[in-house]
Amino acid sequence: FCYRCRAFIFVLTFFLYASFHLSRKPISIVKGELHKHCAPPNEVELNSYKEYAIQIQPVKKLSNESQCGWEPFDKNNYKQLLGTLDYSFLCAYAVGMYLSGIIGERLPIRYYLTVGMLASGLFTAMFGLGYFYNIHNLWFYMIAQVTNGLVQTTGWPSVVTCIGNWFGKGRRGLIMGIWNSHTSVGNILGSLIAGYWVSTCWGLSFVVPGVIIACLGIVCFLFLIELLFKIVLQSSKSYMNGTNKFGVQKPTLNLKETNKLQDPAMQCLLPDREDCTVPLNHNFAVNGEGGTRMSAISFIGALRIPGVIEFSLCLLFAKLVSYTFLFWLPLYITNVEHLDAKRAGDLSTLFDVGGIFGGILAGMISDRLEKRASTCGMMLLLAAPALYMFSAISKMGLEATIVMLLISGALVNGPYALITTAVSADLGTHKSLKGNARALSTVTAIIDGTGSVGAALGPLLAGLISPSGWNNVFYMLMVADACALLVMGKFLVRMINPVIGTFFSFFAPI
């Protein structure tokens, strides 16, 4: 029964958070439609002018819409304006994430996540309504992005806390590596859905994902169970009250066993072969139903957990690279491969396909080696040369671009996926917490919130640097990747020291 429940929660949270990324992706697809690359008519040969005019004319001509895009993004400073939209969303997301984890630990996850998903659907659709109501005010789109960024912070701490409560450390890297592919699946679905309408009615590229995440918010409210303890406790109450429907004889429990059963800290969420031990020196808060709950950890207390600061800074730079690809890759492909917005969006999904395999591979390796930091360091070390090769080889043709998209996606998203899932769950249940599992949401929010600062900086820097050439954007990404590697210096030294010791011992005299 518990294994079926785990499988259900695994699938449910997978699609719940995939819908968050599905609703974030349209902006990167629509950028190619908000600003179209078109030449002045006098630069077009007369015999091809009619063909040129057909290509630049939108299917639905609205007032104040120029032949080079959607006002105000049809000007020469369009990259800065589009970068501002990205920065508005990601900056709000980064600020909100620090508060989200603290709030989420003090509210029921099911209600908190449901409200966040419904609000995310509303503000995602709000951006698309600008098309239907012919809105050309930059502030309207910025407000839609800021509010959407704030409410979307409810998602990650909630789903990671929920999945962390249901799955133990045994194969956490592999399980969460597979589970974290929801990020790439959401990006792929978002690209395909947004790309379907981008050239004909780009407003629907936002409205449809908004409706999808809102509908899944209702599913969350109806079916999400945040703790296995609630099922076990409910079943135990039924037995103790003699109300089990199968007529099984009520078990006899002594006082000590009853207290254990009602104590959420003593509920083992792992398979029987894994130990579940909890120290006795916990602070508990009494809830309204007479049960007991551990007191939530403070923000400063979470920062004191060994490894939280280092992995938070590492994620800052890793997420900077990942989100720059997320928001700017379709436009880069449009410029380099000279494809339309729909084809560029479809091709960009290959980066996320590579990310799926990268996340799973990182989880498998970290489980096998039992070294999360070493796995991250190894993939970050390989990512820098892969980014350089991508910038050079992608200009050689479509086939080379496809290969490098898959490789870069795996190496860039592998460490990002591992830190945001398995590492966050490990640190949220660190031995220094003495069994207090309520720290998981706060730790997750701190790590992902710090990473979101990088996610906000990446697209902004890309918008500022790209006018000087796309090569400079890739140099910026390589520097960020090197910084991610350096901030993990303490863990890497621990990894290298045994290797150096083995090397010298081999040459030592017998």
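Glycine too: its Cβ is placed from the backbone N, Cα and C atoms.
TrEMBL entries are annotated by machine, without manual review.
These come from TrEMBL:
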DOMAIN    12-510  domain 'Major facilitator superfamily (MFS) profile'
TRANSMEM  7-23  transmembrane segment
TRANSMEM  87-104  transmembrane segment
TRANSMEM  111-133  transmembrane segment
TRANSMEM  139-167  transmembrane segment
TRANSMEM  179-198  transmembrane segment
TRANSMEM  204-229  transmembrane segment
TRANSMEM  308-329  transmembrane segment
TRANSMEM  349-366  transmembrane segment
TRANSMEM  378-396  transmembrane segment
TRANSMEM  402-427  transmembrane segment
TRANSMEM  439-461  transmembrane segment
Selection from 7-23, 87-104, 349-366, 378-396, 402-427, the stretch that has most Cβ pairs under 8 A to the transmembrane segment (308-329): 402-427
Surrounding residues of the transmembrane segment (179-198) on its own chain - C-beta under 8 Å, 6+ positions past either end: 10, 13-15, 17-26, 28-30, 32-33, 163, 204-206, 208-209, 212, 326, 330, 341-342, 345-346, 348-349, 352-353, 355-356, 359-360, 363, 409, 413, 417, 420-421
Cβ pairs under 8 Å between the transmembrane segment (7-23) and the transmembrane segment (111-133), at least three: yes
Recorded stretch that, among 87-104, 204-229, 349-366, 402-427, 439-461, has the most CB pairs under 8 Å to the transmembrane segment (111-133): 204-229
Recorded stretch that, among 204-229, 349-366, 439-461, has the most CB pairs under 8 Å to the transmembrane segment (402-427): 349-366
Folded-back contacts onto the transmembrane segment (204-229), same chain, C-beta under 8 angstroms, at least six residues removed: 2, 5-6, 8-9, 12-13, 15-16, 19-20, 22-23, 25-26, 29-30, 108-111, 113-118, 120-129, 161-162, 165-166, 190, 193-198, 264, 267, 269
Intrachain neighbours beyond the transmembrane segment (87-104), with Cβ under 8 angstroms and 6 or more residues off its ends: 24, 27, 112, 142, 145-154, 156-158, 161, 296, 299, 323, 441-446, 448-450, 452-453, 455-456, 459-460, 463
PLDDT averaged over the residues of the domain 'Major facilitator superfamily (MFS) profile' (12-510): 77
